[in-house]
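Okay, structure first, notes after.
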């Protein structure tokens, strides 16, 4: 797979499988459930230190139209895999559990029908035929309290109940299974160039917000050093808007992951969701440096 163009869901899954085949000492892939429309969801396990090592859990593509997110997640994986000798210290002491595209049906739909589709593709029972829920309003922690809609036709429809969307249940179950070892949760979105931490349901900050802010600042400093790309740092509510039911709030509030971040990638609105393909590699390059800071922090702190 290359990073000069965007790739569809099947291509990404095939690439994940190829990593397990080509780098068996480094990568393994597990099928962890099906999407609403029956697409296989895969979890990549990357590392060579054994199952007891601290984990960084990474996902992308929760919103279908945010194509740069899966591209960046796969770029990061490829960078570690292709240069595993260089990053031996990280890969021997930290495990990366990665799901690049956690809204498979929505993502597929953006390739075939509606480039700007955001939600899942589940049936809602809407008399208007509106489909899907916003998967990043569907998590159970303070679900539907703020910044979400009860209308199935809304782009921010929270769903009929928490975890109504099978894709989010699949991701949740993986986080819960490995929660004891997950030290960092990174979920990649676009756009706006933000590195955010909880909470999304309130303007109040977590008790340990300074720890989260410090790590985010160090990561963003490394990111910015690559191409000069500026990121804003802060809690979700205070940086963009209040929205409950997000995966990062859940990871921290229910999953017990101390360092939970939502990262909004390039750009700041010039192209928005339609980020040109010639920005995939530079976005990957700079984001990798930020993730590397996080990985070294986990290695030094927990391994």
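A Cβ is built for glycine as well, from the same backbone N, Cα and C atoms used for every other residue.
According to Swiss-Prot, the protein carries these features:
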DOMAIN    5-298  domain 'Peptidase M14'
BINDING   63, 64, 65, 66, 118, 136, 137, 190, 191, 241  substrate binding site
BINDING   63, 66, 189  Zn(2+) binding site
ACT_SITE  264  active site, proton donor/acceptor
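On the structure: features taken from Swiss-Prot.
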residue	record	DSSP (3 states)
63	substrate binding site	coil
118	substrate binding site	coil
137	substrate binding site	helix
189	Zn(2+) binding site	strand
264	active site, proton donor/acceptor	strand
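Checking the binding-site residues (63, 65, 118, 137) against residue 264 (active site, proton donor/acceptor) with a 10 Å Cα-Cα cut-off leaves nothing. Ranked by Cα separation from residue 189 (Zn(2+) binding site), the binding-site residues 63, 65, 137 are led by 63. Around residue 137 (substrate binding site), the same-chain residues at least 6 positions away in sequence with a Cβ under 8 Å from its Cβ are 143, 144, 147, 148, 149, 156, 157, 158, 159, 243, 244, 245, 246. Long-range Cβ neighbours of residue 118 (substrate binding site) (same chain, at least 6 residues apart, Cβ-Cβ under 8 Å): 63, 64, 65, 106, 134, 155. Taking the mean position of the Cβ atoms of 63, 66, 189 as the Zn(2+) site, the remaining same-chain residues with a Cβ inside 8 Å of that point are 60, 61, 62, 64, 65, 69, 118, 136, 188, 190, 264, 273. Annotated pair residue 66 (Zn(2+) binding site) and residue 191 (substrate binding site), C-alpha to C-alpha distance, rounded: 8 Å.
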